[in-house]
Amino acid sequence: MAVVGVPGWIGSSSVNETGQRWMSQAAGQLRLGVPCWMSQFAGRSREIIHTLGADHNFNGQWFRDRCFEAGSAPIVFNITGDLVSYSKDVPLFFMYGDTPNEYVVLNIHGGVHMWGRGGNGGYTHSGGDGNGTQGGHVIQNDIGGRLRIWNYGVIAAGGGGGGGIAYRPHSGAKWQDIGGGGGRPFGGAGGGRYSGGAASYEGPGGGYDYGNAHSGAGGNAGAAGQNAWSDGGKVLKVGVGGASGHAVFGSSPTWGVVGTIYGPRV
């Protein structure tokens, strides 16, 4: 909600909005300096504040829903625990151009990480081309400077998946599908009869060595996955590593503190 416009019962409306009966205290809640006119309260809203703890399967739709729930009011997110998007295909936080808030603040506490999810390792079985997938993005910003970021922690794009390879040691031998490793964090392994590893929160999945064929390891925070390669034998498909995700993409936010960032940003 917001304080009613002029003409209207601004005094009682401001009490309902801020919970403060003293004009000076209500002005503080509405981010107005003192002295000021009560008419300046019209149409203003107090900040809506949310605190987010750790969640390694965070759905960015929750974040978007809270923004719309607040209407035009400014909204603040205090991030106190590590967050990882539930999907490499969905940014951790996303703000399209229709986001209604006066402004959106992200306060990322010290030691806290915000992650895009890691990309999957490439595979050559089932028609796969062997290429690792791109890592996930952290923040999609389409509201420009209305997004204000104070990063005392870490914003880390998901690492890309490693490349897979189809290999046989000599003509007449059976083709072997060797999957790539997953990007950090939680990127899936490429699979196949042989495969690199899935990523954990702490690190990317490794590649797999089979004779002279080598699938690529997944990428670390903000890094591309490793290409597959061979140093002998016959190869049918040699996949490249996936690119990292973006830490912040779209339009430039207002940076209060840039802090530590892995991956491209605007």
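Including glycine, each Cβ sits where the backbone N, Cα and C put it.
Here the structure is a predicted model, which means the values were calculated and not measured.
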Swiss-Prot annotation of motif 'GRM 10' - which of the ranges 37-51, 97-111, 232-246 it falls on: 232-246
Range annotated as motif 'GRM 5' - as stated in Swiss-Prot, picked from 12-16, 57-61, 187-191: 187-191
